[in-house]
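Asker: This is the structure, below, for whatever I ask next.
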Amino acid sequence: MDLKTLTYLVVGATFALYIGIAIWSRAATTGEFYVAGKGVHPIANGMATGADWMSAASFLSMAGLIAFLGYGGSVYLMGWTGGYVLLAMLLAPYLRKYGKFTVPEFIGDRYYSSAARVVAVVCLIFISFVYVAGQMRGVGIVFSRFMEVSIETGLVVGMGIVFIYAVLGGMKGITYTQVAQYVVLITAYIVPAVFISFQLTGNPIPPLGLGSTVAGTDQYLLERLNQIVTDLGFAAYTEGGKSTIDIFAITAALMVGTAGLPHVIVRFFTVPSVRDARSSAGWALLFIALLYLCAPAVGAMARYNLTSTVQTGPVGAAESNLVYADRPEWMQRWEQTGLLKFQDKNGDGRIQYYNDARMDPARAQQLGWQGNELTVDRDILVLANPEIARLPNWVIALVAAGGIAAALSTAAGLLLVISSAISHDLMKSTFARGITERQELLAGRIAAGVAILIAGYLGYNPPGFVAEVVAFAFGLAASSLFPAIMMGIFSVRVNREGAIAGMLSGLIFTLGYIIYFKGIFIEPLAKNVAENWLFGISPEGIGFVGMILNFVVAIAVSRATAAPPQEVQDLVAFIRSPRGAQAAMEH
Amino acid sequence: MEGADTEARSRAYWRANVRTVLFCLAIWFVASYGAGILLVEPLNAIQIGGFPLGFWFAQQGSILVFLVLIAFYAWRMNRLDREYDVHEP
């Protein structure tokens, strides 16, 4: 069977599965629509959280980023997992005890203020739309590459599927679909990783393969990789490119941002008890770690395979460079997409792939090299990996289905928090208090439908800055939502004035810093280089400073103003003690 | 005097909770920011199998430590819940 037919079959089968689950688990009440009736088993919730969390960025882009950044890619590995420790210990159990439906609802109740609630809704909607646009784009790309349809067709199919199960099923439908999507995406990630690790090192377990010797030699993989890439003028794979303070700040911003992302937090509203919320965070991290422990191996091995395909022997000997006409089939296929490019600068018919900015010019001249001739888009590595390793077609079809599952599951989770923020926080609780539960449910479904259309539009016609701002969704979550929620639990004294002042200063500072260097809507005001940065922290890591600012301002302003009213102090006492979580869902 | 008793107990429970969290977060910090970032260069001088140690902490070790921490936290908190009689039925 050819690859295209096989891909259609595998992807079609997964779609049928998702829709079947949606019909079986459709939501009938607002409780089911927002929080799946709070009846999700902690292990199922852990899997759903894994799929919710691991987006097109984790599945498609992360290993490619690590491959090209080496040690520098660690910020994503630590940042996107370490946040679960914060979530498990500082937020999840208490928010479950609180027992209502949404993150802005908690902020509004704890700070006894509709203004605080609306600020939280604005942060939530902004963060989620930025994020969802990237997911829809990911769906379109996977479709166009593997199913040979246009990006638009891919987008429309993806939107249709999400529409069916998110609008019909609400949180309940999404939860059980995400469980299925987790299984699809983790299988699709691990199977090729196991094959490649085994081929390259003889060890089938990828995280161990990374520390093994290259098959047939007694040299360690990482040692050999360091040697090859430094010979070609690149930085050593296991050493860093960025400054220590920047790596520190980016890791911190990603960790705290992860813990502050509303679509992740809300998953912990769906389990039956406080005890389950704690264990479910552990299950979620375990399911996430299965991918995150393979990713560094996939990245290093892809870099090794790519480099040694082009540079087949020691640097310097002419016959060590791949003859362009003899290039493997996968290179030809990706050249057609424009994501892989070759330009024969010295006219020798061979590919020279090296870092022309760092290699000694005298040496390059002596070799007759006139500049790097190969450019590779790092996003293609995970998709191309099975082809590079010559794996069977069914593995490639599986990877396509996995990429789509990763993007759809995250998109659905985001669309649901957007729709519940609109129907529950803005309408039912603030601007249209009189509506009945049925009307609220209908409003939620309409809001989800409209959000899908906007997401599709953003995916089809991405504003130039979408790719730039996705990482900043984390910065904004870190500097606005996380500190407000955490202080709401761990401090009795932080009050309405403090929380609003803190959220706004964190948000405005972070957004301002990003716009200053990256120029969203306007031209950047300063060049985005380390010399200009505050404390040497890049815009990617500035959310960490924004978070500290939020804490400091909130505490200072709260000290200068009156303590929260007694019923709010009682609420804090209530959420700190696990007993009574089941009863809490009645009110 | 039952009310005062309950209050003292829930205060003690909260202190034990915060101590547990601080203990876990100290390890969380040392494994990731410590071994994986601040001390990565000296640790890279130590080679374990095919891994420079600092690089290993940054890309694998820290994630494994996070997993153990959450498991420990959940176990410890469930025990504290029962000890202070605030557990769920």
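The backbone N, Cα and C atoms fix where each Cβ goes, glycine too.
Below are the features I grabbed from TrEMBL:
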- A:6-24: transmembrane segment (TRANSMEM)
- A:53-71: transmembrane segment (TRANSMEM)
- A:77-95: transmembrane segment (TRANSMEM)
- A:115-134: transmembrane segment (TRANSMEM)
- A:146-168: transmembrane segment (TRANSMEM)
- A:247-269: transmembrane segment (TRANSMEM)
- A:281-302: transmembrane segment (TRANSMEM)
- A:394-422: transmembrane segment (TRANSMEM)
- A:442-460: transmembrane segment (TRANSMEM)
- A:472-492: transmembrane segment (TRANSMEM)
- A:499-521: transmembrane segment (TRANSMEM)
- A:533-557: transmembrane segment (TRANSMEM)
Asker: Counting Cβ pairs under 8 Å that sit 6 or more residues apart, are there three or more between the transmembrane segment (A:499-521) and the transmembrane segment (A:281-302)?
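Answerer: By the criterion, they do not touch.
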Asker: Can you see whether the transmembrane segment (A:281-302) and the transmembrane segment (A:53-71) are touching - at least 3 CB pairs under 8 angstroms, only pairs 6 or more apart in sequence?
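Answerer: Contact between the transmembrane segment (A:53-71) and the transmembrane segment (A:281-302): present, because at least 3 Cβ pairs are under 8 Å.
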Asker: The transmembrane segment (A:442-460): which same-chain residues, six or more beyond its ends, come within Cβ distance under 8 Å?
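Answerer: Same-chain residues near the transmembrane segment (A:442-460) but 6 or more away: 30, 33-34, 129, 132-137, 139-140, 151-152, 155-156, 158-159, 162-163, 166-167, 170, 411, 414-416, 418-420, 422-424, 427-428, 435, 466.
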Asker: As a test: from A:115-134, A:146-168, A:394-422, A:472-492, pick the stretch that has the greatest number of Cβ pairs under 8 Å with the transmembrane segment (A:6-24).
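Answerer: Stretch with the highest Cβ contact count: A:394-422.
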Asker: Is it true that the transmembrane segment (A:115-134) and the transmembrane segment (A:247-269) have 3 or more Cβ pairs under 8 Å, skipping pairs fewer than 6 apart in sequence?
Answerer: yes
Asker: Which of A:77-95, A:146-168, A:394-422, A:472-492 has the most Cβ pairs closer than 8 Å to the transmembrane segment (A:247-269)?
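Answerer: Comparing A:77-95, A:146-168, A:394-422, A:472-492 against the transmembrane segment (A:247-269), the winner is A:77-95.
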Asker: Looking only at residues six or more beyond either end of the transmembrane segment (A:146-168), which have a C-beta under 8 A from one in the stretch?
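Answerer: Contacts of the transmembrane segment (A:146-168) (Cβ under 8 Å, skipping residues fewer than 6 from its ends): 3-4, 7-8, 11, 15, 18-19, 21-23, 26-27, 136, 139-140, 174, 177, 396-397, 400, 404, 407-408, 411-412, 415-416, 419, 445, 448-449, 452-453, 455-456, 459-460.
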